[in-house]
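For reference, Swiss-Prot has these:
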- Trp86, His90, Trp161, Gly162, Cys163: substrate binding site (BINDING)
- Cys157-Cys163: disulfide bond (DISULFID)
- 1-21: signal peptide (SIGNAL)
Amino acid sequence: MRHSVLFATAFATLISTQTFAADLPGKGITVNPVQSTITEETFQTLLVSRALEKLGYTVNKPSEVDYNVGYTSLASGDATFTAVNWTPLHDNMYEAAGGDKKFYREGVFVNGAAQGYLIDKKTADQYKITNIAQLKDPKIAKLFDTNGDGKADLTGCNPGWGCEGAINHQLAAYELTNTVTHNQGNYAAMMADTISRYKEGKPVFYYTWTPYWVSNELKPGKDVVWLQVPFSALPGDKNADTKLPNGANYGFPVSTMHIVANKAWAEKNPAAAKLFAIMQLPVADINAQNAIMHDGKASEGDIQGHVDGWIKAHQQQFDGWVNEALAAQK
């Protein structure tokens with residue numbers, strides 16, 4: 001008798017599980033995530049992918065492309081979503097690829113992302129440097145010369161990144177092009193050189209953003225300091241105001257990151273659209289994960305493990321997102 005009860009219970013569980021799986025909104029639908037070539041974006045992308053899998057979707061490995069290509073792929077429907085839309089940094093690319101007519105963007109995935117220019121604290125204190133405009137002085141600029149040409153060397157952005165245009169625009173607006181060189185290339189490799197210079201006690205001058213591992217390695221306020229700018233200046237926005245409530249101006253507004261999806265796809269998939277709108281990830285959690293990657297735990301398997309760990313530590317929140325998304329399908 002006991003065996004038959006156990007069998008009946010197991011059979012009922014199997015049937016309900018199969019029925020539930022068949023009822024999931026994503027059954028039979030494949031999702032193609034897209035991100036940039038920055039591997040530190042994989043963590044947040046995979047977190048969204050995991051939640052989509054719980055809705056029944058088959059989610060492919062993220063494609064890694066330049067941001068411009070990513071937005072074009074999303075607009076055409078070749079890609080389904082990206083978890084790394086920066087506002088306002090990517091606004092020009094977003095609009096150029098079709099804007100709100102082509103894209104679905106609701107909610108805020110990550111709040112409080114910062115970016116700007118930093119120098120080592122030792123040099124800042126010694127020469128009383130607080131503002132990037134001080135580098136108009138050739139004597140000050142020369143402190144950050146790494147190749148002997150007399151100009152300050154700024155560790156800057158990869159070609160094609162949103163920050164590239166902003167930096168070039170600001171160097172021109174602040175009349176720094178004669179005394180500052182914007183060095184571009186592989187950002188991670190350039191920053192590794194910059195950090196080596198710092199460890200040798202040499203002055204450093206670089207652009208960075210959070211969330212990213214750099215500020216775990218060179219801590220603002222302790223090792224390095226943010227430089228202010230003389231006035232707000234962003235490309236394509238004459239009315240840009242990057243001044244903070246306390247009057248400080250670091251040249252960039254505090255950014256937000258969003259999940260952006262192909263609009264037509266999102267309209268046909270209300271559960272996924274709801275998920276994209278409600279997921280939220282603290283910037284500190286991304287910084288912490290990026291730091292672990294920088295310490296050597298950066299393989300595909302490692303990052304999957306970081307996602308597992310985050311979900312386990314926030315299971316109730318994660319399940320809440322999934323359940324709320326499922327309710328939107330009904």
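Including glycine, each Cβ sits where the backbone N, Cα and C put it.
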| field | Other CB atoms within 10 A, centred on Cys163 (substrate binding site) | value | 19
| note | Record-annotated substrate contacts Trp86, His90, Trp161, Gly162, Cys163; largest Cα to Cα distance in whole Å is 11
| All-chain count of other Cβ atoms within 10 Å of Gly162 (substrate binding site) | 23
| Around the substrate site (Trp86, His90, Trp161, Gly162, Cys163), what further same-chain residues have their C-beta within 8 angstroms of the site's C-beta centre? | Tyr67, Leu89, Met93, Glu164, Ala166
| query | What residues, ordered by sequence, lie under 8 A Cβ-to-Cβ from Cys157 (disulfide bond) and sit at least six positions away in the same chain? | reply | Cys163, Glu164, Ile167, His182, Gln184, Tyr187, Tyr207
| said: Rank the binding-site residues Trp86, Trp161 by how many other Cβ atoms lie within 10 Å of each Cβ and give me the one with the fewest. | reply: Trp86
